[in-house]
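Q: Here it is, the structure in full.
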């Protein structure tokens, strides 16, 4: 396994060059005018661009043309409005109770999202719309046309210059704004229909989960209500890297790749991996970290997550050994206490695996579908755009894409009910997930090699064969 120290050596060298260059720039700027200072700054930027970070950045550029204008509108609105848990308390789940009539809970959720759209807050008015579920595609398309952003075009600007400006704006948004599901009135109508249809169901005696004590079927809706609250409350800052002095998004990718290798070496649970990444991002959202301590953050986060999720977790000596003994055991223990304190002892982030299992109930827990969906989910931890995305949405999108590639049929009403998301919300996400699978060996090598094993049904190889088949058409 390639050491983290070796992988980050180029990053450390670039950091030293940057520090020396900044010092020389300050001395020269005292005796020069503003134009000379600007030239010095641009030369420093060019010198940094010659480093290894440029090569890594080029390998990790991802086409995001699938991001719709509605998603941009939603992201803009989200920045200026409260999150669901601040206004609804514990009732933030889009799903409803399948064992008794709890349509009031779903009405509260829909009321919140209608308020965000600026519409009527009286959700009971939805029943007067009188739509048919079969006509939802027409309604969605009609609303999409109405909600498109209006962009003023300067007639003096050439078309080529205009396209270049739009591409630059998209590239800036790729790494500074999180991916979010779109919401509109047609989607609310569809959800309202599905929730009311399924929420009045009673316990199904033919369902194995009904009589499985470990599944606690009677309490499932309340449990997922609470998990939806946590996924909004324990979300990292999507742009925390701008506050870090020595770190960049490319360095985060190297660290996560190392964490995946260690996680696979210890044969830990998938929940442990996703929880580790959440601890890392939340910690970096609140504290500045030097490059020399960056690997310690990842190792300690994995150590804490393993304690939380695993029955038999690795010892601190084993984790220190995987970090090439770059830090002592005493440093690990002090860092562990410090990280738990910074995270305010909120260690129970739900993660996407629970939501994936919930969605899998709609297709009778198909193993191949869920295994391929796990591969798509693990890819998201390498992409900085998904740092602040809801795990329930990522799980639903991964499950949706998996069903499409395996030809398992359409996204049914049962999938909408158990996931809480419609097909129109998941299609843009599925396109980005599939695009991230291209050049898998260079973009996420550790995950690609992991899912080439037989126990994971060679999921990564299956996706690459899918791309090869498309090229031959």
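Backbone N, Cα and C define each Cβ position, glycine as well.
Because TrEMBL annotations are produced automatically, they should be read as predictions rather than curated entries.
Okay, these came from TrEMBL:
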{"type": "REGION", "residues": "1-48", "note": "region 'Disordered'"}
{"type": "COMPBIAS", "residues": "24-43", "note": "compositional bias 'Low complexity'"}
{"type": "COMPBIAS", "residues": "143-174", "note": "compositional bias 'Acidic residues'"}
{"type": "REGION", "residues": "143-179", "note": "region 'Disordered'"}
{"type": "DOMAIN", "residues": "257-341", "note": "domain 'Cyclin-like'"}
{"type": "DOMAIN", "residues": "350-465", "note": "domain 'Cyclin C-terminal'"}
{"type": "DOMAIN", "residues": "354-435", "note": "domain 'Cyclin-like'"}
Q: Using DSSP, how many residues of the domain 'Cyclin C-terminal' (350-465) fall into helix, strand and coil, respectively?
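A: In the domain 'Cyclin C-terminal' (350-465), the DSSP-based counts are 85 helix, 0 strand, 31 coil.
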Q: Along the domain 'Cyclin-like' (257-341), what average pLDDT does this model show?
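A: For the domain 'Cyclin-like' (257-341), the model's average pLDDT rounds to 97.
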Q: Tell me the residue counts in helix, strand and coil for the domain 'Cyclin-like' (257-341), as DSSP assigns them.
A: 65 helix, 0 strand, 20 coil
